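Trainee: Let me give you the structure first, and then I'll get to my questions.
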Amino acid sequence: MAREPRKNAALDAQSAEDQTGLLTVKVEKEEASALTAEVRAPCSPARGPERSRQRFRGFRYPEAAGPREALSRLRELCGQWLQPEMHSKEQILELLVLEQFLTILPGNLQSWVREQHPESGEEVVVLLEYLERQLDEPAPQVPVGDQGQELLCCKMALLTQTQGSQSSQCQPMKALFKHESLGSQPLHDRVLQVPGLAQGGCCREDAMVASRLTPGSQGLLKMEDVALTLTPGWTQLDSSQVNLYRDEKQENHSSLVSLGGEIQTKSRDLPPVKKLPEKEHGKICHLREDIAQIPTHAEAGEQEGRLQRKQKNAIGSRRHYCHECGKSFAQSSGLTKHRRIHTGEKPYECEDCGKTFIGSSALVIHQRVHTGEKPYECEECGKVFSHSSNLIKHQRTHTGEKPYECDDCGKTFSQSCSLLEHHKIHTGEKPYQCNMCGKAFRRNSHLLRHQRIHGDKNVQNPEHGESWESQGRTESQWENTEAPVSYKCNECERSFTRNRSLIEHQKIHTGEKPYQCDTCGKGFTRTSYLVQHQRSHVGKKTLSQ
């Protein structure tokens with residue numbers, strides 16, 4: 001009779017122990033599932049274009065009241081996805097190709113690529129090539145030091161992307177994740193073959209790590225467990241120190257998993273984790289692209305050495321100083337050319353007109369006036385120019401760009417000189433003054449036009465202080481400075497001071513419109529009217545895009 005109570009007590013103890021074991025297994029499974037959800041959570045929300053595509057593809061006929069409403073709803077969802085009012089035909093075609101490209105990828109690989117949110121097929125190719133390079137590299141032997149722990153943690157995080165699915169759809173994925181040294185073994189087998197994990201004296205912790213790599217956990221590995229197992233002297237710590245150290249590691253666990261193991265710093269050096277808003281999750285998911293561009297220690301050292309050499313050369317070579325203004329130059333030729341500003345020396349002389357220049361490049365540009373060379377051609381209208389700056393100014397007539405803005409009234413201009421002239425309206429400045437009557441003007445051209453009233457042939461040029469006659473003007477230019485000459489229209493007897501103005505005026509009577517718009521065919525009497533009209537086409541084209 002005494003044996004039966006003992007037997008019952010033993011059975012009760014064994015039952016309690018079994019229940020405790022089942023509870024432990026259940027807790028570990030819950031931890032694994034929670035960890036899986038934590039890894040997937042930051043990148044799970046679909047972004048704008050992807051969300052619109054999913055709504056379009058996921059629409060079903062029963063959701064609409066009838067066939068007409070279903071068709072209308074499909075058109076609306078397709079428009080929200082492809083956005084034809086914003087995207088060109090090429091961009092819409094690229095979106096369709098991207099969708100099909102992602103569809104033909106194997107299951108696990110497709111999920112990983114979609115989490116990176118590629119915006120074009122080229123980005124998908126770059127991601128796949130990067131993944132192949134990372135997984136085809138031979139795994140280095142892990143040293144015992146801190147650097148080996150760090151490298152192993154990062155490699156383990158890359159391997160967590162492989163899941164233990166046995167479907168036929170995942171066979172190409174398994175071939176892609178082939179590793180040279182560890183082969184295509186399961187993740188927990190690979191971990192147990194890493195030097196440092198299979199050594200004696202760590203059996204308890206090895207069993208703990210291996211227990212978390214069951215098929216139920218889908219190949220996920222807790223980063224802090226690997227870091228703790230590899231820490232030197234881990235087995236010498238007592239249980240209280242182990243728990244304290246594990247709690248400290250647990251604080252940094254979420255940040256390590258969410259970053260996919262791409263952070264290449266020790267987990268114990270990480271700052272406390274701050275909860276990020278949802279809009280920041282997308283940025284975290286794209287860290288892999290940025291990490292791929294981070295140079296290795298050797299490359300970083302080489303780049304730093306090159307930078308230091310450049311800085312030394314720049315500092316050491318800037319020893320040519322101008323004694324007049326203190327400006328320094330890297331080469332003596334630059335200092336020699338600069339000194340001519342102070343001395344007024346102009347050694348380069350034009351053989352055609354005798355004009356002199358400080359530099360040879362200025363002489364080359366000037367000689368194009370005599371040769372008629374105009375090497376810079378506008379691709380839009382074919383007009384040619386002798387200087388690149390003139391071409392840039394001209395191209396703004398096609399694009400409608402006006403980069404120069406007045407701070408006082410907000411009016412914009414395509415050229416800086418036009419802005420300077422406009423500023424004189426606000427300041428009231430009139431720097432050009434007539435020597436005959438004292439009248440002042442904002443522009444030099446207005447002064448010259450005014451001086452024709454006085455009929456003075458030796459009118460002083462305000463820019464050079466020389467008379468027009470002393471500058472060797474031609475007879476045709478003298479006709480513009482002589483005066484006043486009256487050019488009279490035979491049709492309406494209106495008179496003009498310039499013959500060119502009379503010719504432009506006569507087009508009103510003849511109806512001639514020689515300047516035609518290539519876009520719409522409309523004709524104009526003046527080029528300025530045509531240029532102003534062409535800007536309307538540019539504005540419409542910009543709005544349509």
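For all residues, glycine too, the Cβ spot is worked out from N, Cα and C.
Since we're looking at a predicted model, the values are computed, not measured.
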Trainee: According to Swiss-Prot, SUMO2 cross-link sits on which of Lys7, Lys174, Lys222, Lys327?
Mentor: Lys222
Trainee: For the feature SUMO2 cross-link in Swiss-Prot, which residue out of Lys29, Lys355, Lys383 does the record point to?
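Mentor: Among Lys29, Lys355, Lys383, the residue Swiss-Prot annotates as SUMO2 cross-link is Lys29.
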Trainee: For which of Lys155, Lys178 does Swiss-Prot record the feature SUMO2 cross-link?
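Mentor: Annotation hit in Swiss-Prot: Lys178.
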Trainee: Counting by DSSP, what is the helix, strand and coil composition of the zinc finger (348-370)?
Mentor: 11 helix, 4 strand, 8 coil
